[in-house]
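Going by Swiss-Prot, these are the annotated features:
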BINDING   GLY91, LEU92, GLY93, GLU94, GLY95, ALA96, PHE190, LYS191, LEU192, ARG193  CDP binding site
BINDING   THR120, ASN122  Mg(2+) binding site
BINDING   THR177, GLU185  FMN binding site
REGION    1-81  region 'H-T-H motif-like'
REGION    82-211  region 'Riboflavin kinase'
Amino acid sequence: MKCIDRRLIGDLIALSTVEGLSVTDAAEKLCLTRQGLYKLLRHLKKEGYVAEGPAIRLTQKGKDTLGIVLKDLLRYFNILSIRLSGRVVSGLGEGAFYMSLEGYRRAIEQKLGFTPYPGTLNIKLDPPSVVYKRYLDSLPGILIPGFSNGLRTYGAVKAFRAKLRDIEGAIVMPERTHHPTDVIEVIAPFKLREILGLRDGDRVEIEIYLE
């Protein structure tokens, strides 16, 4: 892996705190002049770290670069897991379909060590937990590769091992999803709603392992 410029890391961390803001608002929050921020953004857009558009957005390249640093920091501070909390909500019915596909099922068995129940438990995160979910967006996780069945191509899925109460499972983060950003999907060898007696609206806390 090539060396990462320390100045670049500082710039990306600063910009991550103002994502979604206009240049004027971001410059004020970062205590920079508009001209200075425009100059920085031009350079980072040229290098592929920042997306084009009126609002400041990091590209996947920018997020991946921050993810490398975040992983090192988590290891340095011996942070092995995070806890997210929220309420159980009904899904769109997609989880049952995707978890029943042989391509995903076999990959999950190989990568995570269990056969997934054909369905997911959906949790709508509390606002503080949504912030911490961004850590997961930046970390590599466990890759469940995409595949094609000859008729359709299915995208890759990022996973993290997790524990809900006493049940070991994982959260899955598909490349393509119709869920809002404050919803996570949990898979396990069992139907979690049934074995844990969960209903819509029930509060839950899930521990997610970062390694």
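Keep in mind that glycine also has a Cβ here, set from the backbone N, Cα and C atoms.
Recorded features from Swiss-Prot, shown on the structure.
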residue : record              : DSSP (3 states)
GLY91   : CDP binding site    : coil
THR120  : Mg(2+) binding site : coil
THR177  : FMN binding site    : coil
GLU185  : FMN binding site    : strand
PHE190  : CDP binding site    : coil
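When the Cα positions of GLY91, LEU92, GLY93, GLU94, GLY95, ALA96, PHE190, LYS191, LEU192, ARG193 are compared pair by pair, the longest gap among these CDP-binding residues is 19 Å. Looking only at Cα atoms, ASN122 (Mg(2+) binding site) sits nearest to GLU185 among the binding-site residues GLY93, THR177, GLU185, LEU192.
By neighbour count, meaning other C-beta atoms within 10 Å, the densest spot among the binding-site residues THR120, ASN122, THR177 is THR120. Figure note: comparing Cβ neighbours within 10 Å for the binding-site residues GLY91, GLY93, GLY95, the maximum is reached by GLY95. Other Cβ atoms within 10 Å of the Cβ of LEU192 (CDP binding site), summed over all protein chains shown, number 23. Between the C-alpha atoms of LEU192 (CDP binding site) and GLU185 (FMN binding site), the distance comes to 11 Å. Over the region 'H-T-H motif-like' (1-81), the average per-residue pLDDT in this prediction is 89.
Sequence-distant contacts of GLU185 (FMN binding site), defined by Cβ-Cβ distance under 8 angstroms and a gap of at least six in the same chain, are GLY91, GLY95, THR120, LEU121, ASN122, ILE171, VAL172, MET173, PRO174, HIS179. Spacing of GLY93 (CDP binding site) relative to THR177 (FMN binding site) is 12 Å (Cα to Cα, whole number). A simple way to gauge crowding: the CB of PHE190 (CDP binding site) has 14 other CB atoms within 10 angstroms, across all the protein chains here. A gap of 22 Å separates the Cα atoms of PHE190 (CDP binding site) and THR177 (FMN binding site).
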